[in-house]
Amino acid sequence: MLHLHHSWLCFRSWLAGMLSVLLGLVPSASSNISTSRPNILLLMADDLGIGDIGCYGNNTMRTPNIDRLAEDGVKLTQHISAASLCTPSRAAFLTGRYPVRSGMVSSIGYRVLQWTGASGGLPTNETTFAKILKEKGYATGLIGKWHLGLNCESASDHCHHPLHHGFDHFYGMPFSLMGDCAHWELSEKRVNLEQKLNFLFQVLALVALTLVAGKLTHLIPVSWTPVIWSALWAVLLLTGSYFVGALIVHAGCLLMRNHTITEQPMRFQKTTPLILQEVASFLKRNKHGPFLLFVSFLHVHIPLITMENFLGKSLHGLYGDNVEEMDWMVGQILDTLDMEGLTNSTLIYFTSDHGGSLENQLGRTQYGGWNGIYKGGKGMGGWEGGIRVPGIFRWPGVLPAGQVIGEPTSLMDVFPTVVQLAGGEVPQDRVIDGQDLLPLLLGTAQHSDHEFLMHYCEGFLHAARWHQRDRTTWKVHFVTPVFQPEGAGACYGRKVCPCFGEKVLHHDPPLLFDLSRDPSETHVLTPASEPVFYQVMERVQRAVREHQRTLSPVPLQLDRLGNIWRPWLQPSCGPFPLCWCLREDGPQ
């Protein structure tokens, strides 16, 4: 027996030695990471629903290029945006922090930046991952949508410009696409402004007529001065109501290259080729790396600008055409990487800034996305349909192909992940809410580092998620929007559901869902149906209190003072509103 035991010990020692030698000869993924810094390509869609993509369950929309990323990489199925609208979500993405920390929220209903000529924007004291990567020697570029502010005190100070937030190069829209850019019926601003101007015109016209009648009949002792002024203002308001659509197009629908306006207003038939041309140029120019390129697609936000060769090709109308065109754009970018020999040295990430819009509807025609099995959509801070988004990472030879991860992750996680990959350090002077995803992506960790995630609507906490490891994921809703009509799952007749006021419900006790068994949030749990109801509520409430203690008061960038149009802040390539320029000719 002793002889057998001794032989077994010898064999085990020999086996351990051989394994050590073999492991020393075979480089691991983690050792590859430690010895090389990848190029980083971030792709973000605008308003894309998680159910719009083939690899997330859509079998009628053709997205072969995005699907290929998932086949060759890692797909996240519980990937969460920090906000359900673009401005706060993008601020959180770039900084790794809840938007309430940077003040990129509102308390009065102005949930995104409303104008290019507003003073609000991503504060200059916020640190983006682009700033850190630039300091680490990366060439940094942003192509596409910004929508995080531009100017503070003058039309040329560009205090919120991407070039002041760590990007070496910018080409795209400082603002955002909107229905008004194409004079759509689905208008974000024009219709509302026309109604206000017409109302004020009627009031002033009535005042002027009353004063005239009173003066002529000697019933109102008044001079002609107030009569003339009220009549003049009435005429100006009437004129403004007729031209407000054109003013909005010139004010917001423009393209910039770095600090220079290149198109005002934009020629949409050339926009997609221009974006692709710019991406290819950046990749070729910086192929010796390392580089960080953030491609922030204008797709699939209304007015769904689509090239002629994609019109009518999908099974889902103009929205489907636009999604399929965006997927084609992804394919063109992947082809450029292949041609430049950059595929294996580039980490690619694909996502959307939030869920698809359900309220983008005219008659029976839907112009917004599909959020699959998840309740709600764009603008709803708590429901999964507004915040659960695609999340795909691909890095050939490093990340396992075809991997699917169901752990809770966040858009905010991109910040610490790319900073770590670049050899940088996450700031220690502020709270960073994102977590490094590398251990999860590589398979060296089985669980997400997010135990809790908070779900805000503007500055109001609507819900919280508790990931109870090895058990389940709980979701607690404190506030939910009132759907119109009741049970419709959306707020039809409005642009988005509100965050506060009469059109929301405050729940006491809060609503509880088990997302692991009920991802569609259809079965509300009660103390009678869930034995640990009170324990879950107590633990989540405690986590909320702990989170709130980490918040500090900051100026709200999206409130009224920072979110009104100021003529002296309006970027223009000529005297506004008589501005028109075309400084670059796109592909023919």
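Quick reminder: no glycine exception, Cβ is built from N, Cα and C everywhere.
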Co-listed substrate-binding residue [Swiss-Prot; alongside K145, K378] among H218, H301, H455: H301
Further Ca(2+) ligand in Swiss-Prot, beside D46, D47, D353, H354, within candidate set C55, C86: C86
8 Å Cβ shell about K145, H301, K378 centroid, substrate site members excluded: D46, D47, C86, S176, L177, V300, D353
Which of N58, N125, N258, N344, the listed glycosylation sites, has fewest other Cβ atoms within 10 Å: N125
CB-centroid shell, 8 A cutoff, Ca(2+) site D46, D47, C86, D353, H354, site residues removed: M44, A45, L48, L85, S89, R90, H301, S352, K378
Site of maximum Cβ density within 10 Å, from binding-site residues H301, H354, K378: H354
Per DSSP, three-state class assigned to C86 (Ca(2+) binding site): helix
DSSP-derived structure type at K145 (substrate binding site), helix or strand or else coil: strand
